[in-house]
Amino acid sequence: MSQLHAVPGRTKKLPPLRVGVGGPVGSGKTTLVEMLCKTMRERWDLVVVTNDIYTKEDQRLLTVAGALEPERIIGVETGGCPHTAIREDASINLEAVDRMLEKFPNADIVFIESGGDNLAATFSPELSDLTIYVIDVAAGEKIPRKGGPGITKSDLFVINKTDLAPHVGADLSVMEADTRRMRPNRPFVMSNLKTRQGLDEVIRFIETKGLLVG
């Protein structure tokens, strides 16, 4: 949390926890952030930074969905590769986080949703304290065994849209086995966010791994 040791006006002892949410286009990142906000906002002070290449569509979607008050959601237009904006040159996102913390210095959690990217996407440790990587079953049973930093190095790996498995010929047991092999001793969650399956597990992970609770 090197960037956030001193937040002007902050009265809480611990610095805000920055949670990066990444994954390919359509995997369910925005839905996950929306549901996390709606479920956690009564207990924690939350703000969100979204990333899109040429628009602020995810910011708009979260605002329309009522995830948080509009002023607590900021959209970043990266204007290029979404991977670069969260890793090689995260300055635009670091500045957005700073702006949000100027407005809400006592925020407990800053969710940073990346633009849709490939399996090589990772967050800079200067930008994110915890990383969650989301894929969806519809992308294919083989995705977990393809590896890539998002799958092997993320703090939490989420396999979303499990309800689609029978429609796309995916075997969830194979995906689970491949995931255990590719990221031994690292947690993962099988989820269907339409029914909230897996959501509580993600929240427990954020709260415990992020040291928000004992």
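Just so it is clear, glycine is given a Cβ too, placed from its N, Cα and C backbone atoms.
In Swiss-Prot this protein carries:
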type    : residues                               : note
REGION  : 1-20                                   : region 'Disordered'
BINDING : G23, P24, V25, G26, S27, G28, K29, T30 : GTP binding site
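Shown here: features listed in Swiss-Prot, placed on the structure.
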{"residue": "G23", "record": "GTP binding site", "CB count, 10 Å": "28"}
{"residue": "P24", "record": "GTP binding site", "CB count, 10 Å": "19"}
{"residue": "V25", "record": "GTP binding site", "CB count, 10 Å": "12"}
{"residue": "G26", "record": "GTP binding site", "CB count, 10 Å": "15"}
{"residue": "S27", "record": "GTP binding site", "CB count, 10 Å": "24"}
{"residue": "G28", "record": "GTP binding site", "CB count, 10 Å": "22"}
{"residue": "K29", "record": "GTP binding site", "CB count, 10 Å": "27"}
{"residue": "T30", "record": "GTP binding site", "CB count, 10 Å": "22"}
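The record gives G23, P24, V25, G26, S27, G28, K29, T30 for GTP. Within 8 Å of the mean position of their Cβ atoms, the other Cβ atoms in that chain belong to G116, V134, I135, D136, N160.
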